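Participant: Next up is a structure, given as structure tokens.
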Amino acid sequence: MPSRNILVINCGSSSIKFALVNEAHSLFPLHGLAERLGSRDAVLRWKRGGDSDSLMIPNADHRAALAQLLPMVQNAAGGKLHGIGHRVVHGGELFTHATRIDDRVVEAIRATAPLAPLHNPANLQGIEAAMTLFPKLPHVAVFDTAFHQSLPEHAYRYALPEALYREHGVRRYGFHGTSHRYVSHRAAEMAGLAVGDSSWLSAHLGNGSSTCAIVNGQSLDTSMGLTPLEGLVMGTRSGDVDPNLHSHLARTLGWSLERIDSMLNNESGLLGLSDLSNDMRTLEQEREQGHPGAALAIEVFCYRLAKSLAAMSCALPQLDGVIFTGGIGENSPLVRAKTAAHLRLFDLRLDQEANARCVRGVAGPIQAAGHPRVLVIPTNEERQIALDTLALLD
């Protein structure tokens with residue numbers, strides 16, 4: 001039986017990230033990004049093999065961009081595409097695993113939009129456009145929140161009036177589930193352990209960041225909550241703050257809820273602390289030049305990350321290893337070293353040479369001999385979405 005091809009789509013409000021995944025090959029035959037959709041500057045960029053190219057598509061919407069992409073995908077797939085996997089940010093409590101998309105699923109995703117107003121409507125745009133263009137192909141939704149539906153109630157409930165949960169779904173959902181699941185499976189494979197008999201602390205660190213406690217292949221706790229704002233310090237997101245900050249700023253500065261929400265999501269985190277940048281690479285460079293804001297931002301980021309990992313350990317029966325993934329987790333030896341140094345009670349120690357070597361896609365163990373396992377594992381959410389899609393086609 002010839003190997004199968006899955007197109008993976010991740011739609012934002014004005015962008016489409018795409019990858020063609022072949023089940024038999026680790027490299028993507030085709031991948032790219034359509035961005036600034038709906039504007040005169042809309043552009044489609046792609047890589048195929050070692051070649052890169054782009055095409056201006058002025059005023060194109062999601063459907064027009066996908067239509068431009070269609071012949072490219074068919075050509076790269078050798079004329080045979082077997083299905084389309086869609087990343088959907090929020091599945092609420094309705095979806096605990098990947099699901100074939102039909103009218104009922106579309107309406108359920110629409111119903112969860114109030115829980116992810118910036119993401120789910122955009123995800124739906126991509127789904128509806130793709131289903132129009134590829135009506136005969138199976139479409140599968142893979143939810144960021146689904147992996148965390150195994151959280152026990154004591155981990156997902158807030159200490160709020162019960163009616164808010166029962167009537168309005170106010171609870172902790174968690175995100176980055178596809179990434180945490182993928183790297184925990186890879187970690188078990190690398191360590192020679194069974195997924196169903198292993199326990200991991202996972203740190204997905206990028207512009208959005210979260211930690212996760214994974215036991216026997218299930219998420220038992222995670223740092224993000226009702227929204228992706230809860231938890232760690234991130235690129236522009238504050239992470240955890242005093243819940244009374246809203247009323248304090250409204251009372252003392254006269255700020256509206258919208259202004260406070262924008263500040264916490266778009267002006268805080270590494271950017272707010274450093275007053276310089278949300279990019280860890282820039283901050284590390286500026287720290288070397290003596291920039292105090294950059295140094296502080298990195299210190300706060302690593303300390304808060306270590307605190308979160310320590311908190312996640314409450315859900316583990318034993319620790320088989322700590323996993324670093326995501327753009328920062330995969331590429332910042334400094335962040336990994338500083339975080340490990342804060343976790344002295346875990347007896348974590350890193351091998352400096354191994355830590356320095358694991359960047360730009362290099363995976364591997366970075367712990368010093370005789371100390372608990374620490375792994376750097378590049379995430380591959382596109383491949384995981386493709387695998388979930390293929391599983392529903394079998």
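Every residue gets a Cβ built from N, Cα and C, even glycine.
Source: prediction; values computed, not measured.
Pulled from Swiss-Prot, these are the listed features:
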ACT_SITE  D144  active site, proton donor/acceptor
BINDING   N10, E381  Mg(2+) binding site
BINDING   K17, H204, L205, G206, N207, G208, D279, M280, R281, G327, I328, G329, E330, N331  ATP binding site
BINDING   R87  substrate binding site
SITE      H176  site 'Transition state stabilizer'
SITE      R237  site 'Transition state stabilizer'
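Looking at the shown structure, what environment does each listed feature sit in?
Facilitator: All protein chains included, D144 (active site, proton donor/acceptor) registers 25 other Cβ atoms within 10 Å of its own Cβ. According to DSSP, D144 (active site, proton donor/acceptor) is assigned to coil rather than to any helix or strand.
In the three-state DSSP assignment, the secondary structure recorded for N10 (Mg(2+) binding site) is strand.
A coil conformation is recorded for N207 (ATP binding site) in the three-state DSSP classification, outside any helix or strand. Applying an 8 A CB threshold to same-chain residues 6+ apart, the list for N207 (ATP binding site) reads M234, G235, T236, N278, G327.
Counting every protein chain shown, 21 other Cβ atoms lie within 10 Å of the Cβ of R87 (substrate binding site).
Taking the Cβ of H176 (site 'Transition state stabilizer') as centre and 10 Å as the limit, one finds 30 other Cβ atoms among all the protein chains shown. Following the DSSP three-state reduction, the secondary structure of H176 (site 'Transition state stabilizer') is coil.
Sequence-distant contacts (6 or more apart, same chain, Cβ under 8 Å) of R237 (site 'Transition state stabilizer') comprise G208, P228, L229, L264, N265, S268, G269.
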Participant: Taking only the Cα atoms, work out how far L205 (ATP binding site) lies from H176 (site 'Transition state stabilizer'), in Å, as a whole number.
Facilitator: 10
Participant: Could you find out if DSSP has R237 (site 'Transition state stabilizer') as helix, strand or coil?
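Facilitator: The residue in question, R237 (site 'Transition state stabilizer'), is coil (DSSP, three-state).
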Participant: Which has the fewest other CB atoms in a 10 Å radius around its CB: K17, R281, the listed binding-site residues?
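Facilitator: Ranked by other Cβ atoms within 10 Å, the binding-site residues K17, R281 bottom out at R281.
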Participant: Which secondary structure state does DSSP assign to K17 (ATP binding site), in the simple three-class scheme?
Facilitator: strand
Participant: Enter the number of other CB atoms within 10 angstroms of the CB of N10 (Mg(2+) binding site).
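Facilitator: The answer is 22.
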Participant: In Å, rounded, how far does the Cα of H176 (site 'Transition state stabilizer') sit from the Cα of R87 (substrate binding site)?
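Facilitator: Rounded to a whole number, the Cα-Cα distance is 11 Å.
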Participant: DSSP secondary structure for I328 (ATP binding site), reduced to helix/strand/coil, please.
Facilitator: helix
